[in-house]
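Student: Structure provided below as structure tokens; questions to follow.
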Amino acid sequence: MEIYIVGGAVRDRLLGLPVKDRDWVVVGSTPDEMLAQGYRPVGKDFPVFLHPETQEEYALARTERKIAKGYHGFTFHTSPEVTLEEDLARRDLTINAIAEAADGSLTDPYGGQEDLKAGVLRHVSEAFAEDPVRILRLARFAARFDFAVAPETMALMRRMVDDGEADALVAERVWQELAKGLMEDKPSRMFLTLRECGALARILPEVDALFGVPQRADHHPEIDCGDHVMRVLDYAAAAGQPLAVRFAALGHDLGKALTPAKVLPRHIGHEEGGIAPLAELCRRLRVPNDCRDLAHITMVHHTKVHRALELRPDTVLRLLKDCDALRRPERFLQMLDACLADTRGRLGFERAPYPQKDYLQAQLAATLQIDAGAIAAGCADKAAIPATIDAARTAVIAKCKEEWKED
């Protein structure tokens, strides 16, 4: 029995990054031998065991063969005769196909160390094409490490897309990988990589459709809608925003892809126009409710937020109510963060002032000070309660607006 650390733990150590999880491969052993040594079986599809003390995963060396479309369509073979090199050959990328022995020596039959030094993502073998999830994983690694994709690997991914492999991806796995990619330091790299190989049009056609759509150069010097959305997304990432804000950044301008050509580069009504494509995207990928709902209110209301300083007090109150800000203040503040990213995700506007965020935060705080219950209790005419509460809220908003002007 020979035991090696493999995959991401070796890769990250060589890159000088923290090692979070360690995966192990066991060469020359059998399930019975693993059980006899106290390992606990957990693998449903192939022999994986938990170490009796560390609870880390140990997998028997194996080979794989594709028998059907999709990432479930595999059969595997494991035996004491399967070599370490054969096990590494089934892995996706050269940088993930390096093994480390107990003495620290490395087995790197596919040049992973050289690709790490060069900053290149390269497939190990043509078997890469057998698992469409690998397209998403590679794009995610591009976002994490800001590595280039080897030309031959990009060509292989294009062939996979052309062969319909991307269409075999199931919604849960697509969202799982997209969510991880959104949380990387440079999430735009994931989407641009997917677009380059053609997978974005298959997985997220609503986002892909934004590329090539022009905007007014005076508002958007970057002009291209797709370029803008990528900048917004990267700004949100650089600010350390949570997943829901990053997803809202990705989806806030989907309606611009539907603007009639004769109207371009203006995008009148794109806020409402994006509701249907966003809903379809979220339905198809089974996007979590918190991400879906924040993206929706950001899409519908972001231009009103940008104009916040111009809005009448009653319009500010309507904005707060339409966003359910009085019951969900934390979500409203997240929307403001997405709107800030929208403003600064423009060429040359990366440090633009955005007082709208502080202004609306102050308006929300002032409005929340109104005791609606006390007003209702003191209102003799029950039918007048809503209007009386709104009047009180509008009054504090007006006062806050005047104080803001004075400051």
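Cβ from N, Cα, C; glycine included.
I grabbed these lines from Swiss-Prot:
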- Gly8, Arg11, Arg91, Arg137, Arg140: CTP binding site (BINDING)
- Gly8, Arg11, Arg91, Arg137, Arg140: ATP binding site (BINDING)
- Asp21, Asp23: Mg(2+) binding site (BINDING)
- 225-326: domain 'HD' (DOMAIN)
Student: Counting only other Cβ atoms and using a 10 Å cut-off, which of the binding-site residues Arg11, Arg91, Arg137, Arg140 scores lowest?
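Tutor: Checked Arg11, Arg91, Arg137, Arg140; of these binding-site residues, fewest Cβ neighbours within 10 Å: Arg137.
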Student: Given the binding-site residues Gly8, Arg11, Arg91, Arg137, Arg140, which one's Cα is the least distant from that of Asp23 (Mg(2+) binding site)?
Tutor: Gly8
Student: Between Arg137 (CTP binding site) and Asp21 (Mg(2+) binding site), how many Å separate their Cα atoms?
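Tutor: That comes out at 17 Å between the alpha carbons.
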Student: Taking DSSP states H, G and I as helix and E and B as strand, how many residues of the domain 'HD' (225-326) are helix, strand and coil?
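Tutor: Taking each residue of the domain 'HD' (225-326) in turn, the totals are 74 helix, 0 strand, 28 coil.
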Student: Between all pairs in Gly8, Arg11, Arg91, Arg137, Arg140 (listed as ATP binders), what's the biggest Cα distance, rounded to the nearest Å?
Tutor: 16
Student: Determine which residues of the same chain, besides Gly8, Arg11, Arg91, Arg137, Arg140, have their CB within 8 A of the center of the CB atoms at the recorded ATP site, and list them by sequence.
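Tutor: The answer, listed by sequence position, is Gly7, Asp92, Leu93, Ile95, Asn96, Phe141.
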Student: When you measure from the Cβ of Asp21 (Mg(2+) binding site), which residues in the chain that are at least 6 apart have a Cβ under 8 Å away?
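Tutor: Correct list: Gly8, Ala9, Glu56.
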Student: What mean pLDDT score does the domain 'HD' (225-326) have in the model?
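Tutor: A mean pLDDT of 95 is what the model gives the domain 'HD' (225-326).
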Student: Which of the three DSSP states, helix, strand or coil, fits Gly8 (CTP binding site)?
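Tutor: Gly8 (CTP binding site) sits in a helix per DSSP.
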Student: Could you check what DSSP calls Arg140 (CTP binding site) once collapsed to helix, strand or coil?
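Tutor: Assignment for Arg140 (CTP binding site) reads helix.
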Student: State the three-class DSSP label for Asp23 (Mg(2+) binding site), counting H, G and I as helix, E and B as strand, and everything else as coil.
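Tutor: In the DSSP reduction, Asp23 (Mg(2+) binding site) maps to strand.
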Student: Once the chains shown are all counted, how many other Cβ atoms turn up within 10 Å of the Cβ of Asp23 (Mg(2+) binding site)?
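Tutor: Excluding its own Cβ, the number within 10 Å is 17.
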